[in-house]
Amino acid sequence: RAKPGGKDEL
Amino acid sequence: MNIFRLLGDLSHLLAIIILLLKIWRTRSCAGVSGKSQILFALVFTTRYLDLFTNFISMYNSAMKLIYLVCSYATVFLMYFKFKATYDSNHDTFRMEFLVVPVGGLAFLVNHDFTPLEILWTFSIYLEAVAILPQLFMISKTGEAETITSHYLFALGSYRALYIVNWVFRFYTEGFFDLIAIVAGCVQTILYCDFFYLYITKVLKGKQLTLPA
């Protein structure tokens, strides 16, 4: 699950 | 980073550049929905606020900046420089019908109830439906210029490639982001009808026209 605040995708 | 994501990002970049070049070269934005372009500028603005808070990589920051600058440049060309060619009487989709429900949903369904996270969620939901004014415009006029259809194909392929990337990441890293996946699937489904017309008409050298 994605870390809120740090998104590596565009 | 995997090949599907890279291809998705490049396809997205290609779409944005096709549209900018089309407008610049023909000195006209006829057939392009300014509403969709405003919504995309809003999508990038609300999603990439993390440029100021999180550094991921040079690639990540550079692409974010390029998307932002290009989307604002497109809006500028449409509403200022080549405003006379903007087909506003065919671009009648009401943006508030998308922005308001999407804003409400972002407040209700998100990973974390913080301003940046809600704005990111808003951008993901809004991106899924931001193309609707453009598709609505094409359905009103019944046709699209070939270059506009190339733009739409590249733009639709981007999210379809991202779906493959998410499947790949799920199996290789155990990573998944349900919000992005559901919205990305909705977004891709909206393009299906267009993909069909693109493959059956544009790739055979004909202009994209809607069946009567």
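Heads up, the Cβ atoms here are built off N, Cα and C, so glycines get one too.
Marked as transmembrane segment by TrEMBL: B:62-80 (among others). Distant neighbours of the transmembrane segment (B:62-80): 9, 12-13, 16-17, 19-20, 23-24, 29, 32, 34, 37-38, 40-41, 44-45, 48, 51, 86; these residues of the same chain sit at least 6 beyond its ends, with a Cβ under 8 Å from one of its Cβ atoms.
Sequence annotations record features per position, and here TrEMBL assigns transmembrane segment to B:92-111 (among others).
Residues or ranges marked as transmembrane segment by TrEMBL: B:117-138 (among others).
Cβ atoms under 8 Å from those of the transmembrane segment (B:174-199) belong to residues 109-111, 121, 124-125, 127-129, 131-132, 135, 149, 152-153, 155-156, 159-160, 162-163, 166, 208, 210 of the same chain, restricted to positions at least 6 beyond its ends. The transmembrane segment annotation in TrEMBL covers B:174-199 (among others).
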